[in-house]
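Student: Once you've had a glance at the structure underneath, I'll fire off some questions.
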Amino acid sequence: MTSNRAVVTATPSFISPILPSNFMQEATGGDRPLKLGILASGSGSNFEAIAEAIASGELNAQIQVVIYNNPGAKVCDRARRWNVPAVFHDHRQYKRRQLDAQIVATLQEYDVEWVIMAGWMRIVTEVLIDQFPNRVLNIHPSLLPSFRGARAVEDALQARVKITGCTVHIAALEVDSGPILMQAAVPVMPDDTPETLHARIQVEEHRIYPRAIALAAQQAKNSP
Ligand SMILES: Nc1nc2c(c(=O)[nH]1)N[C@@H](CN(C=O)c1ccc(C(=O)N[C@@H](CCC(=O)O)C(=O)O)cc1)CN2
Ligand SMILES: NCC(=O)N[C@@H]1O[C@H](COP(=O)([O-])[O-])[C@@H](O)[C@H]1O
């Protein structure tokens, strides 16, 4: 089975008020950067928000690799601009666990410690989760446990809720059910479309994801 690997390298929120102002520096150990692997299927705006948080010094981390599963995914262009290696694994070429085994091999090749799903639209299995226990994070465009699944924004509109938002959680085998790290709420406007509501949610996603990564690292550091 040939892997459709394409390695591309080239050139370049709702924090809880109880956290101290220097939380981000403290949270990420203040010293050795976190080694992140990003899984993304599409646009990659959350990848870019994390890259920007690192560049600004808000998050003490480095992105070792971006893994994507759709040919032509815009995240690949964004990775190139940020000088981050991007590796393509075509999910259509593998069964679910085989895909995860390919992903694990790439993550290990790039010395990744934290797996950041950022618009990763494939359900992952124990093949990946067991290799990174409590270190696979996901961002979801609703206030979990409401509106689990791949159509959370549309489902919120259909339910006519007045408030929705986004959630960063630790991924568990059961989809969108792992421990919640951080959430942010946004209003639903009467004339919202899925696009306008998603755009409002993504402003908050980009704000909280870097902070949630730092929080997860702090919690892991404090609980041996
Ligand atoms: N084991 C887990 N895997 C994933 C989780 C998780 O919490 N546990 N989060 C999802 C992200 N996600 C919602 O946040 C999500 C993504 C995709 C799907 C889904 O039904 N995917 C289909 C394929 C859809 C497609 O390719 O367009 C599938 O995998 O068969 C549900 C939820 C990421 N993975
Ligand atoms: N169920 C998973 C899901 O819907 N995830 C969502 O995909 C988008 C990816 O955007 P991005 O590619 O611009 O980061 C994000 O809004 C994320 O919450």
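The backbone N, Cα and C atoms fix where each Cβ goes, glycine too.
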Student: Given TrEMBL annotates Arg96, Met121, Arg122, Ile123, Val124 as (6R)-10-formyltetrahydrofolate-binding, which of Asn83, Asn134, Asn138 belongs to that site as well?
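Tutor: Site partner of Arg96, Met121, Arg122, Ile123, Val124 for (6R)-10-formyltetrahydrofolate, according to TrEMBL: Asn138.
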Student: Arg96 ((6R)-10-formyltetrahydrofolate binding site) to Asp176 (site 'Raises pKa of active site His'): how many Å between their Cα atoms?
Tutor: 18
Student: Tell me the Cβ neighbour count for Ile123 ((6R)-10-formyltetrahydrofolate binding site), meaning other Cβ atoms within 10 Å of its Cβ, over all protein chains shown.
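Tutor: A count of 13.
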Student: Around Met121 ((6R)-10-formyltetrahydrofolate binding site), how many other C-beta atoms are within 10 angstroms of its C-beta?
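Tutor: That number is 13.
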Student: Looking only at Arg96, His140, which of these recorded positions has the biggest number of Cβ atoms within 10 Å around its Cβ?
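Tutor: Buried the deepest by this measure is His140.
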Student: Once Gly44, Ser45, Asn46 are set aside, which residues in the chain still have Cβ within 8 Å of the Cβ centroid of the N(1)-(5-phospho-beta-D-ribosyl)glycinamide site?
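Tutor: What remains near the Cβ centre is Ala40, Gly42, Ser43, Phe47, Glu48, Ala49, Val75, Arg78, Ala118, Gly119, His206.
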Student: List every residue in the same chain as Val124 ((6R)-10-formyltetrahydrofolate binding site), at least 6 positions away in sequence, whose Cβ is under 8 Å from its Cβ.
Tutor: Asp100, Ile103, Met117, Val136, Ala171
